[in-house]
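As structure tokens, the structure follows; a few thoughts come after it.
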Amino acid sequence: MVEAGTRDPLESALLDSRYLVQAKIASGGTSTVYRGLDVRLDRPVALKVMDSRYAGDEQFLTRFRLEARAVARLNNRALVAVYDQGKDGRHPFLVMELIEGGTLRELLIERGPMPPHAVVAVLRPVLGGLAAAHRAGLVHRDVKPENILISDDGDVKLADFGLVRAVAAASITSTGVILGTAAYLSPEQVRDGNADPRSDVYSVGVLVYELLTGHTPFTGDSALSIAYQRLDADVPRASAVIDGVPPQFDELVACATARNPADRYADAIAMGADLEAIAEELALPEFRVPAPRNSAQHRSAALYRSRITQQGQLGAKPVHHPTRQLTRQPGDCSEPASGSEPEHEPITGQFAGIAIEEFIWARQHARRMVLVWVSVVLAITGLVASAAWTIGSNLSGLL
């Protein structure tokens with residue numbers, strides 16, 4: 001995903017009259033992720049806003065809703081929670097748990113290859129989350145470092161379940177296009193687009209190889225050439241690249257990435273059991289996975305805080321920035337027929353009739369005033385208590 005460099009036109013918009021778009025985190029080919037706020041519950045959220053070209057695609061929207069509901073029913077701490085889904089104007093969106101931290105990709109860029117005990121610390125929650133999904137009949141289809149999030153508290157969570165399937169269902173998606181990320185696709189996904197739990201297992205096997213060596217097993221001039229190499233070649237042993245990799249990890253990768261799905265672990269449950277046996281055999285220590293320091297999420301949070309601070313220092317209500325620009329004169333458009341509805345509902349920048357940036361300013365101002373009055377009350381209470389204690393002591397002396 002590509003990090004934002006300039007202010008995004010959706011920032012400060014209120015999606016579905018509920019979700020405030022605060023700051024862009026990153027964007028990719030089909031969507032953009034923002035940090036946001038559920039103004040109804042006053043809860044931070046992550047907003048994945050799909051590209052506007054999907055807004056009128058009923059096949060995509062139907063699959064998008066189904067996948068969101070299926071993932072929302074899963075209750076596993078290793079999966080990024082899905083709170084809501086909807087469409088506002090030309091923007092289908094997904095509301096998810098906001099993970100304050102970064103991605104496994106960013107951690108690999110910062111620190112490079114991992115030792116075996118750190119690899120196990122990453123894989124345990126990833127396989128645990130996948131196991132919960134596989135039990136429910138769900139397949140991820142795009143397991144990769146970009147979809148594995150690490151919180152500042154050390155939690156590892158898997159994100160983006162079902163999005164590949166939703167995009168595949170879109171009528172605008174060309175037939176025969178390989179969906180997913182080439183470096184992590186299983187041979188059957190490349191060959192005919194089919195996927196089952198063993199396809200996720202293959203992707204995890206590639207991930208293990210990358211965590212141990214610092215790079216994926218296949219390289220090429222294009223995504224297509226990288227994808228097709230796995231049809232005729234096995235994933236090499238990590239120990240041939242990095243000295244000291246235990247043979248048990250070579251065996252784990254080999255079993256997970258067998259070209260024939262029948263020769264792989266049946267699902268994440270089976271692979272997770274083998275991982276635990278290896279960790280016990282090697283007596284690997286526990287490890288807390290660190291979040292990347294210089295992540296897109298951290299930069300987005302810092303940017304948003306700086307904007308709020310600057311607005312507060314100005315001592316005036318912030319000016320509302322509209323998310324749309326008038327591109328034609330009012331007379332250029334004929335009046336809509338009676339009873340007709342617009343093709344798309346507009347994205348509103350207001351909450352309860354108030355410009356959303358003014359709403360934020362007022363909410364923060366109210367909080368500051370509450371803190372001031374609480375301080376005053378506490379100070380008066382302290383003085384009264386002190387006086388009462390002094391008077392009581394003097395009376396005791398007199399008596």
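One is the number of the first residue shown, and numbering goes on along the chain from there.
Glycine is no exception: its Cβ is also placed from the backbone N, Cα and C atoms.
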Listed as phosphothreonine by Swiss-Prot, one of Thr32, Thr219, Thr309: Thr32
Annotated phosphothreonine residue, as Swiss-Prot has it, among Thr6, Thr30, Thr175: Thr175
Phosphothreonine per Swiss-Prot (candidates: Thr62, Thr213, Thr348): Thr62
Where Swiss-Prot places phosphothreonine when the choices are Thr173, Thr181, Thr390: Thr173
Asp142 (active site, proton acceptor) CB neighbourhood, other CB atoms within 10 A: 25
Three-state secondary structure, which DSSP defines for Asp142 (active site, proton acceptor): coil
